[in-house]
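Down below is the structure, laid out as structure tokens.
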Amino acid sequence: MASPARVKRSLPDLTHPELTSSGAPLVMVTAYDYPGARHAEAAGVDLILVGDSLGNVVLGYDSTAPVTLADMIHHGKAVRRGAPNTFLVVDLPFGTYHAGVTDAMRHAVRVIQETGADAVKMEGSTPEVLDVVRVLSRNGVPVMGHVGLMPQTAAAQGGLRVQGKDDDSARRTLEGAVALQEAGAFAVVLEAIPARLARLISERLSVATIGIGAGVHCDGQVLVYHDLLGLYEGEEKKIAKRYADLGREAREAIAHYAAEVRAREFPSKDNSFVMKDEVLDKLY
């Protein structure tokens, strides 16, 4: 018997009061392609984020800065095809919402129209970003905010380092999250900040907080697909947890395949097709 179709989370489902009453934090994971999206939806996550982290983990860049709007749309389309019934958020990449509200609106609408996403995400809480959040939200484009460590502008923050550990940084992070809520953001990502600060922010906001490296008291958590599955071997990141070791398994599987090819063990008879002798004889 076929299982019933999954019911996609709606925007009202993602509000803070409903989360606290249910007691179950939201689960978000990144995905960048069709198979990854299928895995995430089949696992029953609440939200999928097509993050501009694809620049690092998929495209091989050193940062997210080179990622373009075309990149995000291309990958967003693939993810939506793989996860038609999961709430989908797509990052607006660096430079697409910094030149004014008109440009930002045009880019956000393109993302929604061309990918089928349910919302967009943007980093920061400067007055310019808040203006964009305000206009998009008022015009029917749901926006997820992002404070704390912001990879798009990490160089200006002193690199990829924990934020909110001193008085000024903690206050900026708290005030930025509150300002994003007031501008209309339906949720705010808290990245790489002390757990106690994240708890305070979560208590202050009436919209959901989604943590990554921000402790257990956020209203939800997000991890990068490649970090979660251990697709890259090496030291485990502090803000992530490795639930599998697929990088090692992939390397070993490819090495096994290569060894069998070189030993003429693959393809075997089980992987080959046959033909009748009389058909072959006519070719000589």
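Yeah, the Cβs are placed from backbone N, Cα and C, and that goes for glycine too.
According to Swiss-Prot, the feature 3-methyl-2-oxobutanoate binding site maps to D52, S53, D91, K121, an assignment based on sequence analysis. Counting every protein chain shown, the Cβ of K121 (3-methyl-2-oxobutanoate binding site) has 23 other Cβ atoms within 10 Å.
Under 8 Å, Cβ to Cβ, and six or more positions away along its own chain, E123 (Mg(2+) binding site) finds V129, H146, V147, M150, P151, Q152, T153. Per Swiss-Prot, Mg(2+) binding site is recorded for D52, D91, E123.
The active site, proton acceptor annotation in Swiss-Prot covers E191 and rests on sequence analysis. Other Cβ atoms within 10 Å of the Cβ of E191 (active site, proton acceptor) number 23 in total over all chains.
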Near S53 (3-methyl-2-oxobutanoate binding site), which residues of its chain come within a Cβ-Cβ distance under 8 Å, counting only those 6 or more away in sequence?
T30, T64, P151, V224
With a radius of 8 angstroms around the mean position of the C-beta atoms of D52, S53, D91, K121, what other residues of the same chain does the 3-methyl-2-oxobutanoate site pick up?
T30, L49, V50, G51, L54, T64, V67, M72, V90, L92, P93
If you pair up every Cα among D52, S53, D91, K121, the residues annotated as binding 3-methyl-2-oxobutanoate, what's the maximum separation in angstrom, rounded to an integer?
12
Taking the Cβ of D52 (3-methyl-2-oxobutanoate binding site) as centre, how many other Cβ atoms lie within 10 Å?
29
